[in-house]
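According to TrEMBL:
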| type | residues | note |
| --- | --- | --- |
| SIGNAL | B:1-23 | signal peptide |
| TRANSMEM | B:68-88 | transmembrane segment |
| TRANSMEM | B:109-140 | transmembrane segment |
| TRANSMEM | B:152-172 | transmembrane segment |
| TRANSMEM | B:184-217 | transmembrane segment |
| TRANSMEM | B:242-269 | transmembrane segment |
| TRANSMEM | B:281-299 | transmembrane segment |
| TRANSMEM | B:311-330 | transmembrane segment |
Amino acid sequence: MTGLHADRVVRRLADRLVVDDVTLTLRPGQTVGLLGPNGSGKSTLLKLLAGVLAPTAGVVTLDGRPLPEVGRRATARRIATVEQHADTGTELTVRDVVALGRIPHRRAWTPPTAADAAAVTEALARTGLTDRADQSWHTLSGGERQRAQIARAFAQQPRELLLDEPTNHLDIQHQLDLLSLVASLPVTTVIALHDLNLAAMYCDRLLVLREGRAVAEGTPAEVLTPVLIEQVYGVRAEVTHDSGHPAIRYLRPAAPDELQEGVTGDVPTAH
Amino acid sequence: MSLRTLLLTGGGLAALLASIAVAVTIGPADISTGDVWAAVAAHLGVGEGVSAPLRDGIVWDLRMPRTLLAAVCGAGFAVCGAVMQSLLRNPLADPFVLGVSSGASTGAVAVVVLGVGGGVVSLSAGAFLGALLSFALVLLLSHTLGGSTDRVVLSGVAAMQLFSALTSFVVLTSADAETTRGVLFWLLGSLAGADWGQVLLCAVVLAGVLVVCLGYARTLDAFAFGDEAAAGLGVRVARTRLVLLCATALLTAALVSCAGAIGFVGLVLPHATRALTGAGHARLLPVTALTGAVFLVWVDTLARTVLDPQEVPVGVVTSLIGVPAFVAVLHRGRRRA
């Protein structure tokens, strides 16, 4: 089996199953969204897929081989990760940060090769950071920092890219920019997201987690139904399909006094 | 190797050689610059040297090993500091953060004051064993606490407190004034006892550890965004940390056993050097070895001449220079946060 595949993986932390019997197969080139409330196991599942954490049970395979057998460095040449929030106390330029992506490709005691330099240049160009390459990382805005991390991940030349809520803390324009950038990269992507509308817009398939278990999988149109949203997130929503992908409109929960009067509000809330 | 790396290492090497050449000509004995260089040249197989054996002895058996040991210690402490700071992601880490120096002092005191080893074990050997013992304790403690960077640092603090207390206890309860003064002088760091054997020992350990650390240069770069980011870049975090902590502890123990705990070189020089080289370790490590070496050669020259004929422990001088620099580092950290 080619590509990255999680087979019935379990991750136990103390007495809690953070990830409980999840199976995920990635088809090449697809963008898969991981959905679920806080603490549903999205981040842990991504770490299992990256091989940074080992599953308590089950196995993650890359081209049919279990990750521990593939080895850390070889895994990092195939799978790149972008964390939710990256920070450093070290004084680095944007180019330095992007060049970190070449580490799994480089050999000990040898300087970077022409191929390393070319990959960094391409990653900078692809993410629109060429002009900022020599600027300090600390001078970048939140959105630019995330773009730099994506450039770093792209410089790893992965075939699988894993992103953990990369749009957190970004304003809506930067969220859209970032997800468009990710969708434009020629890689298989797994992306944990909070925003259901963004997930519907950018993902080919969705996997919904709740308390560590996979509760739904399929296309956005199959998965994002009012019933599922209520079941998983505990909120009421309307779903329309006018724009080619599902659009979710949340319904305002009834306020206590309105409940008493038997009135239900359906004013859409700003998301 | 890039042009900038070549320039920096080439310039650093030239500065180091020039510093050594000048530093050996400075000292209380009245020997002319020409005589000093002639004596050194003769030992290197060039020229006829100086006729007076006493002068030759002062240059070749006292000043030369002392200057070279200063260079080796400066280089070693700076490299250890740079590695520790990156590995523990702590800008205030230095070679002694894992309690190595405190362990060394306890070992030294055990030999000198308590007579452990029955006179067969030297102060240096006792210090070396004490340093490794303390480091082993820190590793064990941090491992049982989970092994994360802050646990390592906290374990180091605990070991430092424990061994400092032990040293004070032994000195205060058992030592006479003369022994106390000797031990205190050594604790503050001094290159006064340098000989060729120490130079050779420290240089060999420095060379070995430097080669290992350079092999891990890109791996150290990977720690910039933390352990998990490093793991995502293919680094085996636990193994890397163990190898590098052991290598730097070994080097620190060797240096401390010869020269005492010379503070602040390992804390301040890596920061100063990063401003020149950037954060990449392939460039930082060799250049900081050179800046550390040049720095300590000059500080030791200052220490042995400024209150002539009395000698100031070199550790006192490094700290006098180091504390303001330390404050500057803290200040920079505050501004960024």
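The backbone N, Cα and C atoms fix where each Cβ goes, glycine too.
All TrEMBL annotations are machine predictions without curation.
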Cβ-Cβ under 8 Å with the transmembrane segment (B:311-330): same-chain residues at least 6 beyond its ends: 70, 91-92, 185, 187-192, 259-265, 267-268, 271-272, 296, 299-300, 302-304
Residue numbers, six or more beyond the limits of the signal peptide (B:1-23), whose CB comes under 8 Å of its CB atoms: 37, 63, 67-68, 70-71, 276-277, 282-283, 286-287, 290-291, 293-294, 297-298, 300-301
Other parts of the chain folded back onto the transmembrane segment (B:109-140), taken as Cβ under 8 Å at six or more residues beyond its ends: 98-103, 152, 155-156, 158-159, 162-163, 166-167, 170-171, 174-175, 179, 182-183, 186, 198, 242, 245-246, 249-250, 252-254, 256-258
Folded-back contacts onto the transmembrane segment (B:184-217), same chain, C-beta under 8 angstroms, at least six residues removed: 61, 65-66, 68-70, 72-73, 75-76, 79-80, 83, 105, 108, 123-124, 167, 171, 240, 243-244, 247-248, 250-251, 254-255, 258-263, 280-282, 285-286, 289, 300, 303-304, 311, 313-316, 318
